[in-house]
(Lines of atoms letter the chains of each structure in order from A and count residues from 1; the text may use other names and numbers.)
(Lines give C-alpha, C1' and ligand atoms only; values in the text may rest on other atoms or scores of the structure.)
Protein backbone atom coordinates (compact mmCIF):
# COMPACT_ATOMS: atom_id res chain seq x y z
CA UNK A 1 0.00 0.00 0.00
CA UNK A 2 1.29 3.47 -0.87
CA UNK A 3 1.88 5.62 2.22
CA UNK A 4 0.32 8.90 1.16
CA UNK A 5 -0.45 10.71 4.42
CA UNK A 6 0.27 10.38 8.13
CA UNK A 7 -2.96 8.50 8.83
CA UNK A 8 -1.66 5.69 6.58
CA UNK A 9 1.28 5.28 8.97
CA UNK A 10 -1.11 5.37 11.94
CA UNK A 11 -3.22 2.58 10.46
CA UNK A 12 -0.12 0.49 9.73
CA UNK A 13 1.21 0.94 13.27
CA UNK A 14 -2.14 0.00 14.82
CA UNK A 15 -2.27 -3.14 12.67
CA UNK A 16 1.28 -4.38 13.19
CA UNK A 17 2.49 -3.18 16.60
CA UNK A 18 1.80 -5.43 19.61
CA UNK A 19 -1.43 -4.27 21.27
CA UNK A 20 0.34 -3.27 24.49
CA UNK A 21 2.78 -1.06 22.56
CA UNK A 22 0.07 0.51 20.38
CA UNK A 23 -2.09 1.21 23.43
CA UNK A 24 0.83 2.82 25.24
CA UNK A 25 1.61 5.17 22.33
CA UNK A 26 -2.05 5.96 21.64
CA UNK A 27 -3.10 6.43 25.26
CA UNK A 28 -4.69 9.59 26.52
CA UNK A 29 -5.76 10.40 30.06
CA UNK A 30 -9.20 9.44 31.36
CA UNK A 31 -11.78 9.87 28.53
CA UNK A 32 -9.12 11.01 26.03
CA UNK A 33 -11.07 14.20 25.35
CA UNK A 34 -7.99 16.44 25.31
CA UNK A 35 -6.03 13.94 23.22
CA UNK A 36 -8.75 13.95 20.57
CA UNK A 37 -9.33 17.71 20.79
CA UNK A 38 -5.69 18.32 19.88
CA UNK A 39 -6.48 16.91 16.43
CA UNK A 40 -10.07 18.13 16.07
CA UNK A 41 -9.23 21.75 16.93
CA UNK A 42 -7.25 22.12 13.70
CA UNK A 43 -10.33 21.18 11.67
CA UNK A 44 -12.20 24.17 13.12
CA UNK A 45 -9.55 26.64 11.90
CA UNK A 46 -9.83 27.85 8.32
CA UNK A 47 -7.45 29.81 6.11
CA UNK A 48 -8.07 33.12 4.36
CA UNK A 49 -6.10 32.32 1.21
CA UNK A 50 -4.69 35.05 -1.00
CA UNK A 51 -4.35 34.75 -4.79
CA UNK A 52 -1.90 35.89 -7.49
CA UNK A 53 0.98 36.15 -5.05
CA UNK A 54 3.85 34.56 -7.09
CA UNK A 55 4.58 31.39 -5.15
CA UNK A 56 7.13 30.09 -7.66
CA UNK A 57 9.93 30.42 -5.08
CA UNK A 58 9.39 29.53 -1.43
CA UNK A 59 11.81 29.28 1.46
CA UNK A 60 10.49 26.98 4.19
CA UNK A 61 13.62 27.07 6.36
CA UNK A 62 13.58 28.61 9.83
CA UNK A 63 15.84 28.93 12.86
CA UNK A 64 15.50 27.53 16.38
CA UNK A 65 17.48 29.64 18.87
CA UNK A 66 19.70 30.69 15.99
CA UNK A 67 20.26 27.25 14.42
CA UNK A 68 18.81 26.71 10.95
CA UNK A 69 16.48 23.78 10.23
CA UNK A 70 15.09 22.72 6.87
CA UNK A 71 11.43 23.33 7.75
CA UNK A 72 9.50 24.20 10.92
CA UNK A 73 8.84 20.67 12.20
CA UNK A 74 10.82 18.82 14.86
CA UNK A 75 10.49 15.56 16.77
CA UNK A 76 8.92 15.89 20.22
CA UNK A 77 10.28 13.93 23.18
CA UNK A 78 8.53 10.59 23.55
CA UNK A 79 9.70 7.57 25.51
CA UNK A 80 10.46 3.96 24.66
CA UNK A 81 11.19 4.14 20.92
CA UNK A 82 12.38 0.53 20.95
CA UNK A 83 8.73 -0.44 21.38
CA UNK A 84 8.28 0.85 17.82
CA UNK A 85 11.58 -0.23 16.21
CA UNK A 86 14.57 -2.28 17.46
CA UNK A 87 17.11 0.53 17.00
CA UNK A 88 14.86 2.91 18.90
CA UNK A 89 16.07 6.44 19.42
CA UNK A 90 19.20 5.87 17.32
CA UNK A 91 16.95 5.58 14.25
CA UNK A 92 15.04 8.67 15.34
CA UNK A 93 18.25 10.68 15.64
CA UNK A 94 19.47 9.55 12.21
CA UNK A 95 16.19 10.46 10.52
CA UNK A 96 16.15 13.91 12.15
CA UNK A 97 19.71 14.57 11.03
CA UNK A 98 18.97 13.38 7.48
CA UNK A 99 16.12 15.94 7.23
CA UNK A 100 18.09 18.62 9.11
CA UNK A 101 15.51 19.15 11.85
CA UNK A 102 15.58 19.19 15.67
CA UNK A 103 15.10 16.02 17.72
CA UNK A 104 14.27 16.37 21.42
CA UNK A 105 15.54 13.22 23.13
CA UNK A 106 13.55 12.03 26.14
CA UNK A 107 14.83 11.28 29.63
CA UNK A 108 12.90 8.03 29.12
CA UNK A 109 14.82 6.86 26.07
CA UNK A 110 15.61 3.20 25.51
CA UNK A 111 19.03 4.23 24.16
CA UNK A 112 21.65 6.20 26.09
CA UNK A 113 22.39 9.82 25.33
CA UNK A 114 25.81 8.65 24.19
CA UNK A 115 24.29 6.13 21.74
CA UNK A 116 21.93 8.80 20.38
CA UNK A 117 24.81 11.26 19.87
CA UNK A 118 27.02 8.66 18.19
CA UNK A 119 24.21 7.55 15.86
CA UNK A 120 23.87 11.01 14.29
CA UNK A 121 26.95 13.14 15.00
CA UNK A 122 26.39 16.82 14.32
CA UNK A 123 22.60 16.61 14.39
CA UNK A 124 20.56 19.28 16.16
CA UNK A 125 19.45 17.72 19.42
CA UNK A 126 17.83 19.05 22.57
CA UNK A 127 17.44 17.05 25.79
CA UNK A 128 14.11 16.73 27.61
CA UNK A 129 14.35 16.52 31.39
CA UNK A 130 12.08 15.19 34.10
CA UNK A 131 13.21 16.25 37.57
CA UNK A 132 13.37 13.29 39.95
CA UNK A 133 13.20 13.32 43.74
CA UNK A 134 16.83 12.28 43.66
CA UNK A 135 18.12 15.58 42.27
CA UNK A 136 21.61 14.16 41.72
CA UNK A 137 20.15 11.91 39.00
CA UNK A 138 18.70 14.90 37.13
CA UNK A 139 21.87 16.95 37.61
CA UNK A 140 24.03 14.18 36.11
CA UNK A 141 21.68 13.86 33.12
CA UNK A 142 21.82 17.59 32.41
CA UNK A 143 25.60 17.65 32.60
CA UNK A 144 25.92 14.53 30.42
CA UNK A 145 23.67 16.08 27.78
CA UNK A 146 25.64 19.32 27.72
CA UNK A 147 28.97 17.46 27.48
CA UNK A 148 27.62 15.42 24.54
CA UNK A 149 26.70 18.51 22.53
CA UNK A 150 22.95 18.68 23.08
CA UNK A 151 22.07 22.30 22.36
CA UNK A 152 19.17 23.04 24.71
CA UNK A 153 17.46 21.70 27.81
CA UNK A 154 13.69 21.13 27.65
CA UNK A 155 12.07 20.95 31.09
CA UNK A 156 8.73 19.12 31.10
CA UNK A 157 6.49 21.01 33.52
CA UNK A 158 3.21 19.08 33.30
CA UNK A 159 4.11 15.77 34.94
CA UNK A 160 4.32 16.03 38.75
CA UNK A 161 2.47 12.71 38.66
CA UNK A 162 1.60 10.43 35.75
CA UNK A 163 -1.88 10.90 34.27
CA UNK A 164 -4.37 8.04 34.47
CA UNK A 165 -4.09 6.15 31.18
CA UNK A 166 -6.74 3.48 31.36
CA UNK A 167 -5.46 1.12 28.68
CA UNK A 168 -2.02 0.98 30.29
CA UNK A 169 -3.66 0.02 33.58
CA UNK A 170 -5.85 -2.60 31.91
CA UNK A 171 -2.86 -4.02 30.04
CA UNK A 172 -0.62 -3.96 33.11
CA UNK A 173 1.90 -2.07 30.98
CA UNK A 174 5.54 -2.99 31.61
CA UNK A 175 8.60 -2.52 29.47
CA UNK A 176 9.69 -5.86 27.96
CA UNK A 177 12.54 -7.43 29.97
CA UNK A 178 15.16 -6.66 27.29
CA UNK A 179 14.31 -2.93 27.26
CA UNK A 180 15.61 -0.50 29.83
CA UNK A 181 15.45 3.21 30.51
CA UNK A 182 19.09 3.38 29.55
CA UNK A 183 19.80 6.87 30.87
CA UNK A 184 18.57 5.93 34.33
CA UNK A 185 20.18 2.50 34.77
CA UNK A 186 21.54 2.19 38.29
CA UNK A 187 20.05 5.53 39.28
CA UNK A 188 17.54 4.12 41.76
CA UNK A 189 18.21 1.73 44.60
CA UNK A 190 14.70 0.30 44.51
CA UNK A 191 14.34 -2.32 41.78
CA UNK A 192 10.53 -2.35 41.69
CA UNK A 193 10.32 -0.59 38.33
CA UNK A 194 6.57 -0.81 38.07
CA UNK A 195 5.61 2.59 36.69
CA UNK A 196 6.84 2.96 33.11
CA UNK A 197 10.20 1.40 33.89
CA UNK A 198 10.78 3.41 37.08
CA UNK A 199 10.13 2.91 40.78
CA UNK A 200 6.79 4.38 41.90
CA UNK A 201 6.83 8.06 42.88
CA UNK A 202 10.33 8.69 41.57
CA UNK A 203 9.35 12.02 39.96
CA UNK A 204 9.55 15.14 42.12
CA UNK A 205 6.07 16.72 42.52
CA UNK A 206 7.51 19.65 44.49
CA UNK A 207 9.13 21.31 41.45
CA UNK A 208 8.32 25.03 41.15
CA UNK A 209 9.37 28.01 39.05
CA UNK A 210 12.27 28.55 41.44
CA UNK A 211 13.82 25.34 40.14
CA UNK A 212 14.56 27.17 36.89
CA UNK A 213 17.29 28.95 38.86
CA UNK A 214 18.60 25.59 40.09
CA UNK A 215 18.76 24.32 36.49
CA UNK A 216 20.45 27.53 35.41
CA UNK A 217 23.16 26.86 38.00
CA UNK A 218 23.87 23.44 36.45
CA UNK A 219 24.19 24.32 32.77
CA UNK A 220 24.99 26.97 30.21
CA UNK A 221 22.38 25.49 27.85
CA UNK A 222 19.29 27.50 26.94
CA UNK A 223 16.24 26.33 28.90
CA UNK A 224 12.86 25.70 27.29
CA UNK A 225 9.70 24.98 29.29
CA UNK A 226 7.37 22.34 27.86
CA UNK A 227 3.75 22.11 29.00
CA UNK A 228 2.61 25.75 29.09
CA UNK A 229 -1.08 26.33 28.26
CA UNK A 230 -2.03 29.71 29.79
CA UNK A 231 -1.02 33.35 29.52
CA UNK A 232 -0.23 33.44 33.24
CA UNK A 233 2.33 30.63 32.96
CA UNK A 234 3.71 32.07 29.71
CA UNK A 235 4.34 35.34 31.54
CA UNK A 236 6.04 33.49 34.41
CA UNK A 237 8.23 31.62 31.92
CA UNK A 238 9.41 34.90 30.40
CA UNK A 239 9.93 36.42 33.84
CA UNK A 240 12.10 33.47 34.90
CA UNK A 241 14.39 33.96 31.95
CA UNK A 242 13.77 30.86 29.85
CA UNK A 243 14.62 30.98 26.16
CA UNK A 244 11.52 29.22 24.82
CA UNK A 245 8.12 27.68 25.53
CA UNK A 246 6.56 24.56 24.08
CA UNK A 247 2.78 24.88 24.23
CA UNK A 248 1.89 21.29 25.08
CA UNK A 249 -0.60 19.18 27.02
CA UNK A 250 1.56 16.06 26.85
CA UNK A 251 -0.44 14.68 23.95
CA UNK A 252 -3.55 14.66 26.12
CA UNK A 253 -1.89 12.12 28.44
CA UNK A 254 -1.96 14.18 31.65
CA UNK A 255 -4.94 16.38 32.58
CA UNK A 256 -8.02 15.50 30.57
CA UNK A 257 -10.25 18.51 29.98
CA UNK A 258 -7.53 21.04 29.26
CA UNK A 259 -7.41 23.04 26.04
CA UNK A 260 -6.20 21.79 22.68
CA UNK A 261 -2.70 23.15 22.18
CA UNK A 262 -3.55 25.07 19.01
CA UNK A 263 -6.31 26.86 20.97
CA UNK A 264 -3.96 27.59 23.90
CA UNK A 265 -1.33 28.97 21.51
CA UNK A 266 -3.36 32.13 20.87
CA UNK A 267 -3.37 33.28 24.49
CA UNK A 268 0.27 32.28 25.01
CA UNK A 269 1.33 34.35 21.99
CA UNK A 270 -0.59 37.37 23.29
CA UNK A 271 1.29 37.14 26.59
CA UNK A 272 4.76 36.49 25.17
CA UNK A 273 4.70 39.23 22.50
CA UNK A 274 7.82 37.95 20.68
CA UNK A 275 10.02 38.17 23.78
CA UNK A 276 10.98 34.48 23.52
CA UNK A 277 10.43 31.73 20.95
CA UNK A 278 7.19 29.75 21.19
CA UNK A 279 6.74 26.24 19.79
CA UNK A 280 3.84 23.80 19.88
CA UNK A 281 3.17 20.08 19.90
CA UNK A 282 0.00 17.99 19.84
CA UNK A 283 -2.40 17.15 17.04
CA UNK A 284 -0.21 17.85 13.99
CA UNK A 285 -1.34 15.41 11.29
CA UNK A 286 -0.97 17.38 8.02
CA UNK A 287 1.25 20.04 6.51
CA UNK A 288 -1.68 22.43 6.65
CA UNK A 289 -1.77 21.96 10.46
CA UNK A 290 1.84 23.14 10.57
CA UNK A 291 0.89 26.25 8.58
CA UNK A 292 -2.06 26.98 10.89
CA UNK A 293 0.22 26.80 13.94
CA UNK A 294 2.76 29.12 12.32
CA UNK A 295 0.04 31.54 11.23
CA UNK A 296 -1.08 31.76 14.87
CA UNK A 297 2.45 32.54 16.04
CA UNK A 298 4.40 29.31 16.63
CA UNK A 299 8.01 29.34 15.46
CA UNK A 300 8.04 25.55 14.94
CA UNK A 301 5.91 22.51 15.75
CA UNK A 302 6.98 19.15 17.13
CA UNK A 303 5.43 15.77 16.32
CA UNK A 304 5.13 12.93 18.83
CA UNK A 305 2.94 10.00 17.83
CA UNK A 306 3.44 10.42 14.03
CA UNK A 307 7.20 10.00 14.54
CA UNK A 308 6.54 6.71 16.34
CA UNK A 309 4.24 5.56 13.52
CA UNK A 310 7.04 6.25 11.06
CA UNK A 311 9.49 4.23 13.16
CA UNK A 312 6.99 1.37 13.40
CA UNK A 313 6.69 1.33 9.61
CA UNK A 314 10.36 1.13 8.58
CA UNK A 315 12.55 2.60 11.30
CA UNK A 316 14.71 5.49 10.19
CA UNK A 317 13.43 5.20 6.61
CA UNK A 318 9.79 5.23 7.73
CA UNK A 319 10.33 8.28 9.91
CA UNK A 320 12.02 10.07 7.01
CA UNK A 321 8.95 9.24 4.91
CA UNK A 322 6.66 10.82 7.53
CA UNK A 323 8.81 13.94 7.69
CA UNK A 324 9.02 14.31 3.91
CA UNK A 325 5.24 13.99 3.57
CA UNK A 326 4.77 16.75 6.17
CA UNK A 327 7.41 18.86 4.41
CA UNK A 328 5.76 18.48 1.00
CA UNK A 329 2.28 19.13 2.40
CA UNK A 330 3.53 22.20 4.28
CA UNK A 331 5.16 23.64 1.18
CA UNK A 332 2.02 23.01 -0.88
CA UNK A 333 -0.23 24.57 1.78
CA UNK A 334 1.97 27.67 1.88
CA UNK A 335 1.73 28.03 -1.89
CA UNK A 336 -2.03 27.49 -2.04
CA UNK A 337 -2.64 29.92 0.84
CA UNK A 338 -0.58 32.61 -0.92
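Every residue gets a Cβ built from N, Cα and C, even glycine.
Feature annotation from TrEMBL assigns active site, proton acceptor to 250. Residues or ranges marked as FMN binding site by TrEMBL: 77-79, 106, 128, 130, 156, 226, 248, 281-285, 304-305. The feature glyoxylate binding site is assigned by TrEMBL to 165, 250, 253. Marked as domain 'FMN hydroxy acid dehydrogenase' by TrEMBL: 1-338.
You'll find the Cα of residue 79 (FMN binding site) roughly 12 Å from the Cα of the residue listed as 'active site, proton acceptor'. Compared over the binding-site residues 77, 79, 282, the count of CB atoms lying within 10 A of a residue's CB peaks at 282. In this structure, the C-alpha atom of the residue listed as 'active site, proton acceptor' lies 12 angstrom from that of residue 165 (glyoxylate binding site).
For the glyoxylate site, whose binding residues are given in the record as 165, 250, 253, the maximum C-alpha distance rounds to 12 Å. Taking a C-beta cut-off of under 8 Å and a sequence gap of six or more, residue 248 (FMN binding site) has these contacts in its own chain: 76, 158, 226, 227, 228, 229, 261, 280, 281, 282. Cβ neighbour count for residue 128 (FMN binding site) (all protein chains, 10 Å cutoff from its Cβ): 25. Highlighted in sequence order, 27, 28, 29, 35, 162, 163, 251, 252, 254 have their Cβ within 8 Å of the centre of the Cβ atoms of 165, 250, 253, the residues recorded for glyoxylate, and are not part of that set. Each residue contributes its Cα atom, and for residue 253 (glyoxylate binding site) and residue 156 (FMN binding site) those atoms are 13 Å apart.
Within 10 Å of the C-beta atom of residue 304 (FMN binding site) sit 21 other C-beta atoms, taking all shown protein chains into account.
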